[in-house]
Amino acid sequence: MKRKIIVACGGAVATSTMAAEEIKELCQNHNIPVELIQCRVNEIETYMDGVHLICTTAKVDRSFGDIPLVHGMPFISGIGIEALQNKILTILQG
């Protein structure tokens, strides 16, 4: 089953692209079919239907119902990337 993931940042360009590429590679390496949607943080609600995970590189102080939310800055900084990858895999494989 294809997993639908929203990757959001402030402008839907630079940091969300980096995070999306990391997530795409992670999923390919673990044979997880994925559909990635890049958007701005303020557009997340537009794309939430059927989503399995939301990853933001900007600070978000709210929840999105039952959809898990992870902070994607480790994909940008490189600090804590393995822990984030493990968390994403746990969510998507669960």
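Heads up, the Cβ atoms here are built off N, Cα and C, so glycines get one too.
Here Swiss-Prot flags C9 as active site, phosphocysteine intermediate. Marked as domain 'PTS EIIB type-2' by Swiss-Prot: 1-94. If you look up Swiss-Prot, you'll see C9 marked as phosphocysteine, on the strength of a curator's inference.
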Go ahead and report the DSSP secondary structure tallies for the domain 'PTS EIIB type-2' (1-94): helix first, then strand, then coil.
41 helix, 23 strand, 30 coil
Counting every protein chain present, what is the number of Cβ atoms, excluding its own, within 10 Å of the Cβ of C9 (active site, phosphocysteine intermediate)?
24
Kindly state the mean pLDDT of the domain 'PTS EIIB type-2' (1-94) in the predicted structure.
94
